[in-house]
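Q: Here Swiss-Prot flags His76, His78, His246, Asp320 as Fe(3+) binding site. Annotation comment: Swiss-Prot describes His76, His78, His246, Asp320 as Zn(2+) binding site, evidence class sequence analysis. Positions annotated as 4-imidazolone-5-propanoate binding site by Swiss-Prot: Arg85, Tyr148, His181, Glu249, Thr325. Swiss-Prot lists Tyr148, Asn322, Gly324 with the feature N-formimidoyl-L-glutamate binding site, giving sequence analysis as the kind of evidence.
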Amino acid sequence: MRADLLIYNISKIYTPIGTKPLCGEDMEKIEEIENAYIAIKDGKILAAGKSPAAISAEREIDAKGMIALPGFVDPHTHVMHYGSRENEMALKLKGYSYIDILKQGGGIHSTVRATREASDEALLQKALKSLEIMLSHGVTTVEVKSGYGLNTEQEIRLLRLMNQLKSLSVVDIVPTFLGAHAIPQEFEENPWRYVEKVINEMLPKVKEEDLAEFCDVFCEEGAFDYEQSKKILEEAKKLGFRLKIHADELTHSKGGELAGILGAISADHLEEVSDEGIDLMKKAGTVAVLLPGVSFFLNRPYADARRLIERGLPVALGTDYNPGTSPTENLQLIMSFAYINMKMRAEEILTAVTLNAACAIDRGDEIGTIEEGKRADIVLVDAPNLDYMMYHFGINHVNTVIKAKGNDVVVIGIK
């Protein structure tokens, strides 16, 4: 057998198996291969198993006893924005509420202003810096949402820039249209006018230019209510978009129920999801994307991961990287939050940031596991075992990232 790249002397491979999201007890079913190798050819995994194997290769990497994991997938981010909001933290510490800050022109509106005013080059450079940080922490595929333009011209601009990122970064980019992220200030007196604008102007234009695979809506009190969210998502579905929902984050907005009724590929946040919402999501095969970075940053309760897993929902994890509620690109930190604060087991967490996260962006056939035929997205981790990586929190355990781009493979040494 002849390979392009051979990774050998791996102490152990940890990987879920398959192409479909895992739920319940299956989330813990991780294949472990000791004293292992991975062979790569034409950007795909040719073979993976126990050493030694009769394989020759043009290039070789000595893993030096490190563990190997599938490349991580971040299924929920807001990478495409400009500016930061650390000044709001200082106000919060002085006792200002989010509404107080919003009335002063802060909150999401300040990010919308900064994003609208930023040049294309400034937005691209900021996004590339964030993607570089994510890659260094083992993330090889990233979902990126629009949502800081909030008018047709700006939302289309952000999506076009996301598509430019695909050729500028080694990280794979999956764009999502989130024109319904917030009600723009100019439409606050009549939010339905903005809903009509999203439906009649934005969605057809996004589809015409093939700028995004998914349509997302922030279904929440103070953003888009159930009926508004339902209307936008129904129209998006008619146009052929796959659906995502920011659901039940701060209140029981019935976003979970809506995700199940409309067959959304994922429902994200879910801190306040109902049993009915869970059951409808389970029936629809919707992936629950949990975002503990938000709970940590806002000092709010975490989503009940154990409840969701035990009721049979496939759970994924993401950073929700954004400047207002989760300003971190570090998915490893999110994994530790899930381990420590959400009582998820190490094997469940690995599934949640690999296969299930891939399925939350419709990539389960291509990535998320170390198996023959899957894309060669692999991370070498300097840790004695899987639990140690989440137990020893706050540092980067990734030593090397192996990333397929087409038929080629890029090797990025982190340490």
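Note: Cβ is positioned from N, Cα and C throughout, glycine not excepted.
Since this is a predicted model, take the numbers as computed values, not measurements.
I'm curious about the neighbourhood of these features; can you describe it?
A: In the three-state DSSP scheme, His246 (Fe(3+) binding site) is classed as strand. Packing around His246 (Fe(3+) binding site) is summarised by its Cβ count: 28 other Cβ atoms lie within 10 angstroms of its Cβ, all protein chains included.
When secondary structure is read from DSSP and collapsed to three states, Asp320 (Fe(3+) binding site) falls in the coil class. In the shown protein chains, 28 other C-beta atoms lie within 10 A of the C-beta of Asp320 (Fe(3+) binding site).
Sequence-distant contacts of Tyr148 (4-imidazolone-5-propanoate binding site), defined as residues of its own chain at least six apart whose C-beta falls under 8 angstroms from its C-beta, comprise His78, Met80, His81, Tyr82, Ile108, Thr111, Val112, Thr115, Arg116, Gln154, Leu158, His181.
The DSSP secondary structure for Tyr148 (4-imidazolone-5-propanoate binding site) is coil.
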Q: Could you tell me the C-alpha distance between Glu249 (4-imidazolone-5-propanoate binding site) and Asp320 (Fe(3+) binding site) in angstrom, no decimals?
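A: Cα-Cα distance, Glu249 (4-imidazolone-5-propanoate binding site) to Asp320 (Fe(3+) binding site): 12 Å.
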Q: Report, in whole Å, the straight Cα-to-Cα distance of Arg85 (4-imidazolone-5-propanoate binding site) from Gly324 (N-formimidoyl-L-glutamate binding site).
A: 6
Q: Could you say which of the binding-site residues His76, His78, Arg85, His181 has its Cβ with the most other Cβ atoms inside 10 Å?
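A: Selected residue: His76.
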Q: At the Cα level, what's the spacing in Å between His246 (Fe(3+) binding site) and Arg85 (4-imidazolone-5-propanoate binding site), rounded?
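A: Just about 21 Å between their Cα atoms.
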Q: Cα-Cα, whole number of Å: Asn322 (N-formimidoyl-L-glutamate binding site) versus Arg85 (4-imidazolone-5-propanoate binding site)?
A: 10
Q: Of all the binding-site residues given, Asn322, Thr325, which has the fewest Cβ neighbours within 10 Å once its own Cβ is left out?
A: Thr325
